[in-house]
Structures are given as structure tokens and as C-alpha cells.
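Participant: Sending over a structure as C-alpha cells; questions will come in a sec.
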Amino acid sequence: MTTFVELLVNGISIGAVYALIALGFVIIFKATEVVNFAHASLLLAGGYLVARLWPLVGFWAALLIGVAAAALVAAAIEFLVIRRANVASHSVLAIVTIGVDIVITTELTRQIGTDVLAMGDPWGSEVVRFGGVTLAETRIVALVTAAALITVFLLAFKYTGWGVAMRAAAEDAETAALMGVRLGRVSMSAWAVAGGLAAVAALFLCVFPTPGLDRSTSLVALKAFPAAILGGLDSTTGALVGGLVIGVTESMMSGYQNDMAFLGRGIGDVAPFLVMLVILLIRPAGLFGTKELARV
Amino acid sequence: MYRYLAWTGVAAVLCLVPFYLDGFWLQTGLFAMSAAIGAIGINLLTGATGQLSMGHAFFLAVGAYAYVFFSAEPTARLGGLGLPTGLAAVLAVVVAGVAGGLFSPIAGRLKGAYLGIATFALIFGGQHVLFNAEHLTGGFNGRAVPELNLFGFSFGDTPELIVLQVPFGTLERLWFLGLALVALSMVFAQGVLKGRPGRAMNTIRDHEIAAGVMGVPVARYRAGVFVLSSMYGGLAGVLLALVFQRTVPEYFGVLLSLDYLAMIVIGGLGSVGGAVVGALFVSLLPQLLTKYSDSIPLVAAPGTPGGVSPAEAARILYGAAVVTVVLFLPGGLLGLIRKIRLRPPRLRLPLSSPSPSPETRSPHVP
């Protein structure tokens, strides 16, 4: 039973981190209708800067710079590439982001080489015990931070002028522009926010119990894609639920993999994708996605 | 007439290649041929039908491993059926098609980039199986590939074969097989694109609702094209396995799928020629950089510390090429070639000028 609770809490915590990534992914999709395959590289960029800078300027300043830099890179992608690409179909824009991803990821993995970079976080490998349940401090911090960030974002999305502009633009870009919403700013800010969230997620993906940031971190980040799509690409609620589903599934499958040896080693890494397939079979638009309706 | 002459010339030059170039270039060329076949397949899906797929590498893996499994003699550790190798190659392509068909409930219903994310599952699931089903795949170390033997003619190093004083080994023999397969794949895909199915596919890409209204069974077409493209992937996988002579699971990862998408964007979306040009570009670039790494600034020889290795330089270059092409060269390299070749602009009939396709998700549908 304690194992189960431990796995569940760990799953929820890692799920909250996936939700952060998926949320950024969904924000970008809502604002610009682009499926951003470069998201993993934004995350890697943020994480890499934090890992490189903390010995020089201390952890908190490094984290701040990392988040800002990832936001800046994301905004630059929007400004230099997405805005200028004049293409008929959004699939092509998705492929452009793949091009961007190839460039950034290749350069960063080259810089990282075979190293495993520590994140220099103040929590280290401390654990906390509640009754018989042992939890890593980093996991609790991750859960709290992710929950706080998501709450702030959702409140801003609902109540601030920026949020209203964003929702209006997502609903009907042309009308929103006629009402005085500056679409360029809206989409650029969406990209920036998504980049920042990805950088925070990078931190928590690389702290204890993970050894650190290495070249496979961007592959770990890919697990947020199923999170976004199984919740529904255009739904912020979907991103949260999707993240949690993926996190808990992964944690449970890895935790009990000895009981499921017939499925092979490393089933925990594949499980998120299998869950996504099952959900897409039943609901092609995702759990909370709007089913596309068209009148002719 | 002019066209046929040009094609004959190209074919003649390609047939002469094995008599003059060494093994390194033959192998590079064969990789490019395999890539061309795979790229034609994914261009039918992504370029012509607008369905993004990240899972193309999975179908290459299915083709390669199915060929090995069907053709290899069973041993204590590894399974095999020991079928005639020609039959095994055909069956491998069929199996890749079946694998694509099994995915059709999803491939038919999801569109565009949604499908792209869903097909990540194929890659990760596929790699999991490749690493774990050791009896079939040999696990981490992979399996040796039996050489192909068609109607008594072996595509291996034995028996010795000397044509015009040039010893014909595996690579030289496979070169001609590869050329034939590429030509066949091109002709078939061209037929699909030029005919009724091609028009239906393009309509689905440009305006899904219009396609449905005009009587195109959208879901069935999407699923069908997915199957076709996976069979192309399977064929590419078989050729790749024959050239590599060993299949290793690591090769068939996300990066390979991304390479294929880069190929078709760089070459030109939606056309057979574009796929081939892009495949040549993406598969020759790293080899060229490796070969001439000494004389190119900023690129270091493989294994030396510091500097950018040729493989990385190639990746960065073609990643940038993808972005550049979409921003500045809609139509890809093939479009660029056509533009250069275009004679002074003639007056065109207004009918033939491409009209902008209406946005699929246009909010202005009355």
C-alpha cells in the first residue's frame, strides 16, 4: 500500500511537470494554431542555461535567466519564423518547427556531449517521510510550483486583459483584430509564456531522482506531447488532466514493472504513448478537445 | 521527346556509376536510393494528403526486420522462417502495409499535426519491441541480414562476378537493384498522384469538407494513403537492410523520422521529384561533409574534440534548410530548379493560375 501511495504521489508530481509543458504547447496552439514540435528544444535550452549558469551566479539567478532565455528563444522563433512563413496549411508550419527543433537540439546536445549536468538546486536528495511514505523533497516542490504556476496562468487567462485578448484571438482572429487586439503581440506573448513554462519544467525533469540534464532530456520532454493531445490540443483543462494521466501511468508502470516483466524492460517510458493511442481510439479529439464541426 | 532524351541520359549515367566510383560512394548512393523510396512514400502522405507522420522510421524498421525474420534460417537463439529471400522481401513490404493498416483506425480519423503526435507512439512502441523481442529482432545488437537471391542470382560477394574488368560485389549488384526499385517506386507514385486518387488526396489536404462533399471518402483515403506510405517505408527498409547487412534498433528512432520530414520539405512537398531531390540532399550532405571535413572550415573530423562533427554540421545545415525553404522557397528545391528552367514568362490563361485554397478551418463558412 505504501508503495502504491508513493508511486501515486510521485506520478502526480511528475504529471504536474508534464502538465506545465503540455500547457505551453496548448497555449501556442490556441494562439497561433501551430503544433510546436520545437517545444522539447525550448525546454532543453532553458534547462541547459540553468545547469551552466548556477555555478557562476547561484541557483535562483540562474533559474531566472534560464526561464527568461527560454521565453526569449520562443518569442524569437515566433517573430523570425512563424510570423514570416506564409503557408497555406498548418501542417507545414508544424514541419518548420521541426526544422527549428533539429537546429537547436543538435547544437545543445553537442554542447552537452556525454556530460550529465547537475542543476544545482537547493533541495538535493533530501527526502521527507509522512507515516510510512517516503517522498523526495524535489517532487513536493515540483508539485507545489507546478500547481501555483498553473493557477496563476489560468487566473490570468480568465481575468486579465492579456487573457481576454488571447481568448478572443483564439476564438476568431479576424474579429479580434478588428476589435483592436494586436495579434502579433498576442501570439508572441503566448510563445514566450510557453517557453518560460518549459524552462521551469526542465528544472524539475532534471533534479533528483533523475541524475541531471543530459542529451536524452529532450526525449523525456516528448512525453508531454501525448499529454497535450490526449487531453485535447485546444483545451487548457485537457493539458492538466493529460499531464496527470501520463505522469501517473508512467510512475505506476515503472514502479510495478517487475510484476509485468512480460511487457519487457522500460515499459514505463512507452506507456504514455500507449495510453494516448487508447484514448485517441475512443475520442479522436482528445478528452476535452472541441470536436470540430463544420457547416456547409 | 526532349524529356525522354534527358531521362535516358540520367539513367545511362546512373548505370555507369558502379564502374567508376568506389565502395564508399556506392554505399552512400544506395542509402540515398533507400531514402528516396521512403521519402516518396511519406510525401504521398504528408505532402499530397497533408497528414503528418512521425512514424515513418517505424515502418522502415518493420520492413527491415520482417525481411530478416522471413529469410533467415532459425537458430537456437533467433527465430526465422528460412523462406526464399525474394519472397521474404515481398512479404516484408506486405507486413509493413499490414502494420500501417492496423494503425488505420487512428490514421483515418486524425488529421494533420494531430496524427503527427499520435505516430510518436509508433516510434517509441516500435523501439520498445525491437529492444525486447530478442527472439525476433536480436535485441540491442540487432541481426545479420541474409543476402538477397533472386532467381538464382545472388546479390552478395559470391560467386565472383566480373563485368568489363570491374569486380561486381554486393554493392555493385545492389546498385542496379536499387535503381530499378527507385524507378518503379517513382512511376507508381506518379501514377497515383496524376490520377483520380491523387486529385482526391490533394483535395483532402486543401479542403477536407469540400472533398467530403464531392464524394471523396475522406477517412478511407487517409487510411489508404497511410498504408501505401508505410509499404513504401517497408520497401525502403528492406533495401536499407540489404545495404547495411545488419539491422540495429537504435537506427530506427525519432531522428530518422525527422530526417524524412526534412527531406520532403527541402525537396518539395507533394511531388515525387521533390521527394527524390530532398532524399539526395539529406542523405548525401553528411557523407560529403565527412569526406571533405579537412578542407571545410568549422567542421572537425569525426572523433576529434572541439569543433562540429560532420554529422552534427549536416543536421544543423538541413534543419536550417527546412526553415529557409519554407520561408523563402515555397515549392522546395524542385520548385527552385523549375523556376530557373522556366522560359521567359508567357501569358497564362487565367484558369491555370493557382487560386489560393480557402483555409480549411475558415470561420466564415456561412
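Using the three backbone atoms N, Cα and C, a Cβ is placed for every residue, glycine included.
So TrEMBL has the following annotated:
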type	residues	note
TRANSMEM	B:28-46	transmembrane segment
TRANSMEM	B:52-70	transmembrane segment
TRANSMEM	B:82-107	transmembrane segment
TRANSMEM	B:113-133	transmembrane segment
TRANSMEM	B:174-193	transmembrane segment
TRANSMEM	B:223-244	transmembrane segment
TRANSMEM	B:251-284	transmembrane segment
TRANSMEM	B:316-337	transmembrane segment
Participant: Are the transmembrane segment (B:82-107) and the transmembrane segment (B:251-284) close enough to be called in contact, which here means at least 3 C-beta pairs under 8 A that are separated by 6 or more residues?
Facilitator: no
Participant: Decide whether the stretches the transmembrane segment (B:52-70) and the transmembrane segment (B:251-284) have at least 3 CB pairs under 8 angstroms, with pairs required to be 6 or more apart in sequence.
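Facilitator: With 3 or more qualifying Cβ pairs, these stretches touch.
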Participant: Please determine whether the transmembrane segment (B:174-193) and the transmembrane segment (B:316-337) are in contact (criterion: at least three Cβ-Cβ distances under 8 Å, sequence separation 6 or more).
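Facilitator: They are not in contact.
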Participant: By a Cβ-Cβ criterion of under 8 Å, what residues six or more beyond either terminus of the transmembrane segment (B:251-284) are in contact with it?
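Facilitator: Beyond its ends, the transmembrane segment (B:251-284) has Cβ neighbours at 28, 31-32, 35-36, 38-40, 42-43, 46-48, 52-58, 60-61, 64, 120, 123, 126-127, 130, 182, 186, 189-190, 193, 202, 205, 318-319, 321-322, 325-326, 331-335, 337.
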Participant: Taking B:113-133, B:223-244, B:316-337 as candidates, which has the most Cβ pairs under 8 Å with the transmembrane segment (B:28-46)?
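Facilitator: Of the candidates B:113-133, B:223-244, B:316-337, B:223-244 scores highest.
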